[in-house]
Amino acid sequence: MQKFRVYGQSRLRGSVNISGAKNAALPILFAAILAQEPVKLTNVPELKDIETTLKILRKLGVVVERDAEGAVHLDASKIDHFVAPYELVKTMRASIWALAPLVARFHRGQVSLPGGCSIGARPVDLHISGLERLGASIILEDGYVKAYVDHCLVGTRIVMEKVSVGATLSIMMAATLAKGKTIIENAAREPEITDTALFLNKMGAKIVGAGTDTITVEGVERLGGCEHSIVPDRIETGTFLVAAAISGGRIECKNTKADTLDAVIDKLREAGAQVDVTENSITLDMLGNRPRAVNIRTAPYPGFPTDMQAQFTLLNMVACGTSIITETIFENRFMHIPELIRMGGKAEIEGNTAICHGVDHLSGAEVMATDLRASISLVLAGCIATGETIVDRIYHIDRGYERIEEKLRGLGARIERFSAQSEES
């Protein structure tokens, strides 16, 4: 088991190149199953979840290669297997995205009920009901979601009972090869959905309205190959901006897009940060000041992203004043708070609300990561705390942040990865 050792009291300064968005790369990789010709993807981050996805695709018969420049080449023309097995799926909830393209193109598919972060219920019901509305028959059996359709999926009007990024993507992918028109209402609007739709359209799909709450898909007979660059990771961008804010530093995030982060930038400015944006960069300068507390309420895009909640919880714990954080997207997503309290933070949890009281400083401690975004908040806390912080279970971080210790060291952090076994010996 690997851990991070972080030495604190670092003021983070410099520039950092933002990686491609994991939350766009994953559905796009699975969407490549739909293509009957080769696909080339660039700006694909090197992450555990990406590695798992590529293993699943290889298991299905997709020819996968990552070249010397980091581009991923996919050839799904000879898929001969239609089951995403438990041993691969168990670590990653996003693997449910394999089902829709398999059913759409091959009229059958099986995916083991998935695993992933421990942040409450993320049921696959909306994925299943969407496929059923398109004409698929679904059986839950032996721990697998099994789907099939006699001829082809048929377009229809689907009103999402709740806004769901994952289900919107599944339905959109499936509808590309369905007969007729599919209209998805109350669709999620995240930039990653827009990027996936752009990729599908490059392959020959007919999708309009991605990025709005109504997406229309006119089914086509086949999809071909294309080249596509994954959109920059807005959550990684936001994470480094928070790192500058809590450390009184200045960080320029390069190769990113400010127009996907309006809600986050607004809150950082409210906290007292100076934020400057260009077409491809965002720079935050805290001017050596301590941030002001800001209230946060997570919401579907374009609202405040739930994936930035843990980072802003940390910001509020070292800010001037008291703040209220309300989590409306996922249950059980405050597991980082007890760990931050171990470091001297002050907060109370009441249902889906946390009340944070800013303190002058945090103190290093041994803490345990519980999910991807919680884990990065603990690492950043270690960067600014007094003393030494040990962060356990950092495999969560490797699922979603590319070369995180290298990037943090480039900004002045003192952080090292070590094996628990070597420490004990």
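Yeah, the Cβs are placed from backbone N, Cα and C, and that goes for glycine too.
Features of the protein shown, as given by Swiss-Prot:
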- Lys22, Asn23: phosphoenolpyruvate binding site (BINDING)
- Arg93, Arg122, Pro123, Val124, Asp125, Leu126, Lys162, Val163, Ser164, Val165, Asp307, Ile329: UDP-N-acetyl-alpha-D-glucosamine binding site (BINDING)
- Cys117: 2-(S-cysteinyl)pyruvic acid O-phosphothioketal (MOD_RES)
- Cys117: active site, proton donor (ACT_SITE)
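When the alpha carbons of Asn23 (phosphoenolpyruvate binding site) and Asp125 (UDP-N-acetyl-alpha-D-glucosamine binding site) are compared, the span between them is 20 angstrom. Cβ crowding, taken as the number of other Cβ atoms within 10 Å, peaks at Asn23 among the binding-site residues Asn23, Ser164. Note: the CA-CA distance between Asp307 (UDP-N-acetyl-alpha-D-glucosamine binding site) and Lys22 (phosphoenolpyruvate binding site) rounds to 12 Å.
Rounded to the nearest whole angstrom, the C-alpha distance between Lys22 (phosphoenolpyruvate binding site) and Lys162 (UDP-N-acetyl-alpha-D-glucosamine binding site) is 23. Neighbour counts were taken as the number of other C-beta atoms within 10 angstroms of each residue's C-beta; across the binding-site residues Asp125, Asp307, the minimum falls on Asp125. Residue with the densest Cβ environment among the binding-site residues Lys22, Arg93, Lys162: Lys22, by other Cβ atoms within 10 Å.
Taken residue by residue with DSSP, Asp125 (UDP-N-acetyl-alpha-D-glucosamine binding site) is part of a helix.
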